[in-house]
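> Pulled from TrEMBL, these are the listed features:
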- Q253, E303, N353: S-adenosyl-L-methionine binding site (BINDING)
- 275-338: domain 'Methyltransferase' (DOMAIN)
- C381: active site, nucleophile (ACT_SITE)
Amino acid sequence: RNQESSSSGHCLAVLLSRLANAVTPLWRLPYQEQLQVKYEGQRKILQTLTSRLEELGIDAQKPGELCCPLQPVVPSPILNGYRNKSTFSVNRGPDGNPKTVGLYVGTGRGRNIVCVKANHMENIPSKHKQVAQCYEEFICRSPLDSCILFHEGGHWRELVVRTTSCGHTMAIITFHPQQLGQEALAAQKALLKEFFTFGPGAVCALTSLYFQESTMTRCSHEQSPYQLLHGAPHIFEELLGLKFRISPDAFFQINTAGAEVLYQAVGELCQATGDTVLLDICCGTGTIGLSLAHRVSKVIGVEVVEKAIEDAEWNAAFNGISNCEFHSGKAEAVLPQLLASWEDARPLVAVVNPSRAGLHYRVVRAIRNCSSIRRLLYISCKPEGEAMRNFLELCCPPDPQKKLAGEPFAPVLAIPFDMFPHTVHCELVLLFTR
């Protein structure tokens, strides 16, 4: 038994180390060394962009140089526990418990997935870990199984925890209804609410508890509404002196303190004047546009998540900002219509902050073909991915076949921001002008 216990302890230690190395691969390095690793990574990305531009006949100013200057990585003000949003999975743990709440080690293809508790992860705050532990306690008490594979049944699925510097905590629990009727569903929701308000989960002091019935891996509020079981419908965050309302599925930068540094830099790079119009594409809850509204004559925001637009409009009204308008819908549908008839003589600066999937081609085309946009800031969390395609579309020579008639942009400056300490990722801001 001692040998078995020792072996089990060793296996767990290995899994904990594997998880830390997978999610936060730089966690063992001193922070200055982390920044240097990230700088080299961003430099390789710019080298790739430079080579791709050269293939299009667009050479760097000097042979052997990058297509634009790369500044040092801007450090994060907070190194540990900086995440304001964490997603925890439910699956079989190292001890065989099928109701373990944590993060995955292994792959589905390799059929070796193990769900490991994230208590040792340096980028996750203690509040998130506490909520995850309580959720695990709740589902372990439940007679209903966890839902590991949809076709095999089970109900309890992932947990999302969102927190703010104002002390607010939102928990969103995803549940597969399978064949349960409305009465049985109502009973489960009542038990969940009871546990987190008067039971052991009350220690989490949740300000919002949401429940979502979902038969898909991911689904939006429009596909399956978030059901508020307890507390307030929103949490609130303060950023650069403004107050922001956040809905369950609204985008907000994962590192709030880092976002303040990022948005201040974006404001400087825009070189906005009192008559500038700021086009905020993929605006989320309006954080960038609203934080810069005092510098410009008007802000126009576009966002696909309808609830996020409702948040943005509320945020503008609450903060007494009246020079903003927000449009709900896919950017590829909204933006071409918005810019096709653009006749405003005021300077127009665009800021885009898309997801990892990058911008739809029609969005890039609308920006290229709008001659009023002379300055563009592209904020990318994955510049080596689909964003690279966007960069090339923005800079390539006019192409009648692709309906790219507008004057091409040119990259003039790149600044990485470390929004994700202990990982290899950066938020890269690329400034384009024409």
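Here, residue 1 is simply the first one shown, and the rest follow in order.
Just so it is clear, glycine is given a Cβ too, placed from its N, Cα and C backbone atoms.
Are these features on the surface or tucked inside, and what are their neighbours?
Sequence-distant neighbours of N353 (S-adenosyl-L-methionine binding site) (same chain, 6+ apart, CB under 8 A from its CB) are D280, I281, C282, C283, G284, I288, I379.
For C381 (active site, nucleophile), other Cβ atoms within 10 Å of its Cβ number 19.
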> Averaged over the domain 'Methyltransferase' (275-338), what pLDDT does the prediction give?
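Mean pLDDT across the domain 'Methyltransferase' (275-338) comes out at 93.
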> Write down the Cα-Cα distance for C381 (active site, nucleophile) and E303 (S-adenosyl-L-methionine binding site), rounded and given in Å.
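Answer for this pair: 17 Å between alpha carbons.
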> Please work out the number of neighbouring Cβ atoms within 10 Å of the Cβ of Q253 (S-adenosyl-L-methionine binding site), leaving out its own Cβ.
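The answer is 24.
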> Work out how many Å separate Q253 (S-adenosyl-L-methionine binding site) and C381 (active site, nucleophile) at their Cα atoms, rounded off.
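Per the Cα atoms, Q253 (S-adenosyl-L-methionine binding site) and C381 (active site, nucleophile) stand 10 Å apart.
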> Taking the residues the record says bind S-adenosyl-L-methionine (Q253, E303, N353), how far apart in Å are the two Cα atoms that sit farthest from each other?
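The span, Cα to Cα at its widest, is 15 Å.
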> Take the mean position of the Cβ atoms of Q253, E303, N353, the recorded S-adenosyl-L-methionine site. Which other residues of that chain put their Cβ within 8 Å of it?
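In sequence order, the nearby non-listed residues are F251, F252, C282, C283, G284, T285, T287, I288, I379.
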